[in-house]
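Peer 1: Let me begin by handing over the structure; questions about it come next.
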Amino acid sequence: MLSNSSMEPDQEITLWLTSLHLPQYASSFARAGYRCFKDLRSLTEEKLLEVDNIPTGHRRRILSSLETMMVEVDGGKGSMKVPVRRKPIPSPRQVFPKAKKSGISCQHSQGSNIQTTRNKQTQTRQKQKTITQNNKKQDLSKQHYVDDDDYSTLQEPTVSQCLANECSFKHPTPSTLLSSTGQSALAQPQSDVNDIYSMAQEDLPGLLRPNLPSQTEDSISPYACFYGTRAAATKAGWLDKLSPQGNCVFQRRWVKLEGGNLTYYNSDKEMYSKGLIPVSAVKQVCALGENKFEVVTSVRTFVFRAEKEGERQDWLDVLQPAVSSQSSISHQPCKNNTSKSGYVELRGLKGRVFLSLMRTSFRVCKTDQDFNAGLAITVVDLTAACVKQVERKGFEITTPFKSFCFSVESEHEREEWIEAVQESIVETLCNYEVLEKVWFNKSNRKCADCQAPEPEWASINLCVVICKNCAGHHRFLGPGISKVRSMKLDSSIWTNELIELFLDVGNKNSNSFWEANLPPEDELCKQPSPEQRASFICRKYKKRKYKKVLECLNTQEELNKALCAAVVLPDILQTMALVFSGADVMCATGDPEYSTPYLMAQKAGQRLQMEFLHHNKLSEVNMLSNMHERTAVCKTYYQCRYGEDIHYYMVRRWCTLEGGFLSYYDNEKNATPIGRVDLSDVVSLAINNTENITETGTVFTFELYLRSQRVLVFGAETSDAHQDWTLAIAKCFVPARADALLRQDSELIGRLHYKEGHDLYHWRMGWFALVASELYFCSADEDEEEGVLQLKRLQELTVSTHMEGDEKIQVLIMVESGRTVYIHGITKQDFALWHSSIQLAALTDGMALGNQQMNKNDVPIIVDSCISFVTQYGLCYEGIYQKNGDPGRVAQLLKEFTMNARVVKLRAQDHRLEDVTDTLKSFLSHSEDAVLAKELYPFWISALDEQDEKVRVQKYSSYIQSLPKVNRSTLGALLQHLYRIQRCSHINQMSTEWLACVFSSCLFQTKGHTAQETRVVEDLINNYIQLFSVNEEQVRQMEKENSFITRWKDTTLLSIEKQVRWRFAFTYPIFHLSLCSERPLHYKEKILEQVLDWSSLEDPSSAFLTKIKHLNFIKGEQLKFKDGSSKLLLGNKFQDRYLVLQDKKLLLYKDIKVITLPMVICKYLHPCCSSGSTFAQYLCLPAALQQSPVYQF
């Protein structure tokens, strides 16, 4: 909309007409002498009719806009001031009776005048009917005269009309009678006209206003945008036109000058021209010999010939003034104003033509140069047209007069044309009256969901204005949640009360409720994808995740009571918040006469409250809110019980959820349930989001695991109902402390015993939710924060058996980045469910990088294992990564990594180096997403345009930061490995250039490699230190390791060292390590660093590592002993026994003299056991031996 404050008296009116969606009349106004706003001071309807044959609806729109702007004459000098625009007053709708039923039952003092007026109106109708029968073009107009008259009294009478009515009191006009006898005039006092939005017009002196057309019954609504009778031609006749092929061949043509265009036809009966020349495109018109004259344009010259000299002079007298009177403003078509344009083939014409769609018409031109100059073959109005697909690459546009068949080069292009033409056809049916009124509220000028400008759709029950893209997703929610209507097409639904409701509420106030708790990270981004848009709209309106929470209204009864109190007040926002929070629109008020909130609002005279309640009386929004607040809900479901047979069947049951109990009945008419589940007994809820085929059809199922070790399976017919039920059930058994888990799209949710951190001796109760490959959990303690385990990163996932008192339990152990969590289920079935689900989520589930099993640095294990193996065994291997492995062994190795990468161990004796290198390259080449991201490919290549290497490195660094986390960490690990390889290129003959040639196609996932791709990868390898900010200490460590590996050929010893170090860390009382002169190592010393220092020696092989095992280590001592399984005769006492610790065995003797038949208490000792203890203690045994008796000393 054009801002009123920006209008100046000397400003041209082109922008103003464009804001009214009427730019086609700009040239007509210019020809009539109206070029700027000061020229419009004396514009009346009569003068507007002289400008052009403008339809009544368009005339009314122009004059209404001028009236709204309230042009003020200042001191006769012609300067204009445009005050702030008044808020429009939506007047009540008037529906007048048709002919023969137009009598008005109410009494009126001007009864005789009314009857006289009716007679005149009847005569007018009959006269107009006779005219219509003589001209078929008037049929459409007649229909509008009859049907669209209900808007004829919407305009508030102007000052001039009020004065005219006062002066002609004895002879009232039909408009005065109609406006004084309508329903709203009778129902409301006259003082109600000046409401809070209006300003008394009598208080605005000095106004000079254009006169609106008289409000007769034959006047047409401003919503009517039909095209009236055809404009009379300024000049028409037969002329000879020189053929464009030349050779002095003239062709007979019917030529017309009308509407600012010079057109010519094959005959005077044709509807569409063979050529169109806008007068604005004509440079000059001059006479030639032999009764000829030429019309010169910037592109070509048209030569016409008349039969007589006088006829030619007539044409010159008409054309030359028309050309000279053109304004300097160019009204030629512009490609920016077209919705689609391009070259197509038109059946019946040779060669291709340039076709362009311009709002409600399409223009056919010979070339795009003609189009830019304004020349055309013909312009076709799309009113009452249709489009359809023909043949394979063609489409046909059918108008009431002719069909145009076009052909394009591809089916995709054909679909684009059909879609664009359909939008233009819809535009012919549009009007902008409702749109402009609703947009008066500035917050309605942007979409409530995605903030797109100028939205043209609305949800009439949610009171939000939305764009076309969001409207499609609102429709997907269903009419029970969002009733979507167009503000351009569905004008009949937009009553004045509904428009006023949208003006009062607006998107800003609506979002203050719907987005009250919207976190910034959940906001819809600009230009979102369809998936992002659909997900956001579903969360916002269906799940109501961000809605405002009403305090102190926790029950349905409280909500309903608050609603009944709110509807009698003008605060519509409070009513909206109550209804969308779960208040029942049809609840009982307790008043037998006004039994619903709607009737109470009607009694109080609250029109907007009535309008809002009317559109939400059948809404499902309040029902969904009820379900989420754990009140009664009824749906049709399926229920069955698990048996030993896994092929279960399902039977139809009517289910209700109320008061924390899930009850199911034979049908909805039965009052006695056949079963009931106390949801507090639920320990786990398993949600299956995929369809299941049963005997009764396709259903979406979920399972309830109970403490009684029963498993109940329920199914819903739709995914939406399935999601609503699972969320409602989860809220019943998950405490408020763990509500954060319910915000996730969980596959499994429930309670488990767990322990972690420093407290490994006490089991705690926690609530867990499995979402994809992430396990969320929280404790019942208020101080505990929510935890999460990345299952793809697990370094260990094992099941062990523990003794809890006399009970044997299974414990699932998960280790991730130094964090260990132990869990066990409440029932055996429950534990089996969680174990299988977690194990499945921790596996590889695709070829994408993010779906792989990871190490602690977020590098896929397959990449990390291959890199480590090649670094250890291939650093000195000549031509590494250039030699091919065996395809069969490579495929088998890939399969093993895909199944479970954690259990794959690469060993030199089992795997060949060539197979491992090919496995790495194959994985990088065939993963679903390229490491360097395909969408960033042009950016990587464009960086090569920079000659300065530092500038290139800065660009590379920014691109690396924009990569996903997994891609970035994988790239870092790979570049570090390739940097190591090229640092030893004097041995392995693999320079940076060769490595870049090998890996460019893998990192970009292109077929083969190009010079540009190779240069990018070469830059990345050479600048690895700068790109990943590697410090000097890390660089020295890499150089030291490379030196050790290359100078000490026996790399197998390094593997032994790693194994020794691991064993040394856990069993240091048994093992002793020494170097060279057998210097003892402290148990905290890092053996690998000691070994790497050997590379600095002149002869590294002179140093060696020995492992000394003391097989004859014996320790014996007399201790007090007590067997945990007490015997009746011995009593509960300690006995003197002699214990010997020898060869990882603890031997028990009756005394020191009897040492031949010892009692072996245990074969292996846990590291935490102290062999020198002299006091009683419990032995800490490995998990496998904890079933043995407990001994005390």
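The backbone N, Cα and C atoms fix where each Cβ goes, and this holds for glycine too.
Copying in the features that TrEMBL gives for the protein in this structure:
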- 113-135: compositional bias 'Low complexity' (COMPBIAS)
- 8-72: domain 'SAM' (DOMAIN)
- 232-324: domain 'PH' (DOMAIN)
- 337-426: domain 'PH' (DOMAIN)
- 423-557: domain 'Arf-GAP' (DOMAIN)
- 652-734: domain 'PH' (DOMAIN)
- 745-843: domain 'PH' (DOMAIN)
- 838-1028: domain 'Rho-GAP' (DOMAIN)
- 78-143: region 'Disordered' (REGION)
Peer 1: With the domain 'PH' (652-734) as the reference, find which of 232-324, 337-426, 745-843 contributes the most Cβ pairs under 8 Å.
Peer 2: 745-843
Peer 1: DSSP-wise, what's the residue breakdown of the domain 'PH' (337-426) into helix, strand and coil?
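Peer 2: DSSP composition of the domain 'PH' (337-426): 23 helix, 39 strand, 28 coil.
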Peer 1: Among 232-324, 337-426, 745-843, which stretch has the most Cβ pairs under 8 Å to the domain 'SAM' (8-72)?
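Peer 2: It is 232-324 that shares the most Cβ pairs under 8 Å with the domain 'SAM' (8-72).
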Peer 1: Report the DSSP secondary-structure composition of the domain 'PH' (652-734) as helix, strand and coil residue counts.
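Peer 2: The counts are 18 helix, 45 strand, 20 coil.
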Peer 1: What counts of helix, strand and coil residues does DSSP assign across the domain 'PH' (745-843)?
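Peer 2: Helix, strand and coil residues of the domain 'PH' (745-843) number 18 helix, 57 strand, 24 coil.
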Peer 1: Could you tell me how many residues in the domain 'PH' (232-324) are helical, how many are strand and how many are coil under DSSP?
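Peer 2: DSSP classes over the domain 'PH' (232-324) add up to 19 helix, 43 strand, 31 coil.
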Peer 1: Across the domain 'PH' (337-426), what is the average pLDDT of the model, as a whole number?
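Peer 2: The predicted confidence over the domain 'PH' (337-426), as a mean pLDDT, is 89.
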Peer 1: For a three-state summary based on DSSP, what are the helix, strand and coil counts in the domain 'SAM' (8-72)?
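Peer 2: Grouping H, G, I as helix and E, B as strand yields 40 helix, 3 strand, 22 coil.
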